Amino acid sequence: MEQLMSLFPAISTLFTQDPVISITRIALIIFGFFLSYFGFKRTLEPLIMVPMGLGMIAINAGVLFLEAGVVGTIHLDPLVSEPSVLVNLMQVNWLQPVYNFTFSNGLIACIVFFGIGAMSDISFILIRPWASIIVALFAEMGTFATLIIGIKMGLLPNEAAAVATIGGADGPMVLFASLILAKDLFVPIAIIAYLYLSLTYAGYPYLIKLLVPKKYRGLEVEMDFPEVSQRSKFVFSVLACMLLCLLLPVASPLILSFFLGIAIKEAQIEPFQNLLETTLTYGSTLFLGLLLGALCEAKTILDPKISLIVVLGITALLISGIGGVLGGWIVYWFSKGKFNPVIGIAGVSCLPTTAKIAQKTVTEENPYAVILPLAMGAGVCGLIVSAIATGVFISTLFLLN
């Protein structure tokens, strides 16, 4: 029997661990398979779901007996903080250096923001600023509503604020905020945030169809806008970066990363732009998905606060989606029907996913209607508003403490 346990330690641990943990491991292995498969089918976002699903499978399947009979893996241990233990683990766990040097300090979030900035077009923010701002503000409804609900449900203000940032649908922002506001809940918040952000890919089209009648979904919008010069966009990015860093220094790492990406694009520094748009963006997204999957250990998922975060996370994204579409309707009414209310969903700043969802939903009703540029503008504005909301949360809580 001992020889069999030595030959197949991963299977053996299923019988030696607490039955609840063993069952959870099996459930997570199955769940990881479905995440990766639905990523393959493009039902969910493949860039995150395929590596996340495989990471989830490996971390829960590849459990073995370590020193002194301790059960664990040689992938990653996010709970270690003792320096001497951490140094030893970095020589054993292959993902430990990646986690500690890029994930737990928010660096990976900043790298992703570099790429988002380099791929963002701010022309439509400058051409129609009020339309983008109104949509973006309403799309933050979920963030502020969930903060209040979270506190009412027993979370501490800092914990509720960290969970509430899921409502902005901005993954890197959620990582950054939860690290500062609620480090002990960082892992479950990050996992749930990215799971839900990928689920918006599948769920938001139904929300749009529920809130926007068919005859309005195919509305064409005027696309004959004046051209915005690269100089104007460059100057805007520099001034916006300066102003937001002055007002919200706690969020300045993400603000700098995003606007530097825009500035590099508008200055046409092609070597940097190619680096940010391809190598850094896709490399960081790969490790982000893989690490999120590797963090889905059974012990982590069994945290009693997980169920509350699950409920609050989906509440935040649902209210934000409703708020965004409501903002779209308000702009439609004020513009006397010259704005497609579906664009409102793009104010939920999961770039570029929500903008693509908006365009796809409109195309189903009218193949000739093009709203993607306006939707991207609303999404970029939503990202900026999300950064402001996060900065306000962090600054206010620091002041209260």
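Here the Cβ of each residue, glycine as well, is placed from N, Cα and C on the backbone.
Cβ atoms under 8 Å from those of the transmembrane segment (20-40) belong to residues 13-14, 46, 48-50, 52-57, 60-61, 63, 195, 198, 293, 296, 298-299, 301-302 of the same chain, restricted to positions at least 6 beyond its ends. Residues or ranges marked as transmembrane segment in Swiss-Prot: 20-40 (among others).
Residues annotated as transmembrane segment in Swiss-Prot: 46-66 (among others).
Among the features that Swiss-Prot reports, transmembrane segment is placed at 70-90 (among others). With a cut-off of 8 Å between Cβ atoms, the residues of this chain six or more beyond the transmembrane segment (70-90) that come close are 13, 16-17, 58-59, 62-64, 96-97, 99-100, 104, 187, 291, 294-295, 297, 300.
Sequence-distant neighbours of the transmembrane segment (107-127) (same chain, 6+ residues past either end, Cβ-Cβ under 8 Å): 101, 171-173, 175-176, 225-228, 232-233, 236-237, 253-254, 256-265, 272-273, 276-277, 280-281, 284-285, 287-288, 291, 351-352, 373-374, 376-378, 380-381, 383. The feature transmembrane segment is assigned by Swiss-Prot to 107-127 (among others), with sequence analysis given as support.
As annotated by Swiss-Prot, transmembrane segment applies to 131-151 (among others), with the evidence given as sequence analysis. Outside the transmembrane segment (131-151) by six or more residues, the chain places 124-125, 157, 159-161, 163-168, 308, 312, 315-324, 326-328, 330-331, 335, 339, 343-344, 346-349, 374, 377-378, 380-382, 384-386, 389, 393 with a CB less than 8 A from a CB of the stretch.
According to Swiss-Prot, the transmembrane segment annotation covers 173-193 (among others), on the basis of sequence analysis.
For the transmembrane segment (244-264), the residues of the chain that approach it from at least six positions outside its boundaries are 106, 109-111, 113-120, 122, 172-173, 176, 180, 233-234, 237-238, 272-273, 276, 383-384, 387-388, 390-392, 394-395, 398, judged by C-beta separation under 8 angstroms. Look at Swiss-Prot and you will find 244-264 (among others) tagged as transmembrane segment, backed by sequence analysis.
Taken from Swiss-Prot, the feature transmembrane segment applies to 275-295 (among others), supported by sequence analysis. Proximity of distant same-chain residues to the transmembrane segment (275-295), defined by a Cβ-Cβ separation under 8 Å and at least 6 residues beyond the stretch ends, is recorded for 32, 35, 47-59, 75-76, 78, 95, 98-99, 102-103, 108, 111-112, 114-119, 171, 187, 190-191, 194, 261, 264.
Summarising the annotation, Swiss-Prot assigns transmembrane segment to 306-326 (among others). Residues 135, 138-143, 145-146, 149-150, 153-155, 160, 163-164, 166-169, 185, 188-189, 192-193, 196-197, 200, 204, 207-208, 211-212, 341-342, 344-348, 354, 382 of the same chain sit 6 or more residues outside the transmembrane segment (306-326) yet have a Cβ under 8 Å from a Cβ within it.
Feature annotation from Swiss-Prot assigns transmembrane segment to 380-400 (among others).
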Remote residues contacting the transmembrane segment (46-66) - C-beta distance under 8 A, at least 6 residues beyond either end: 5, 9-10, 12-13, 17, 25-26, 28-29, 31-40, 72-76, 194, 197-198, 282, 285-298
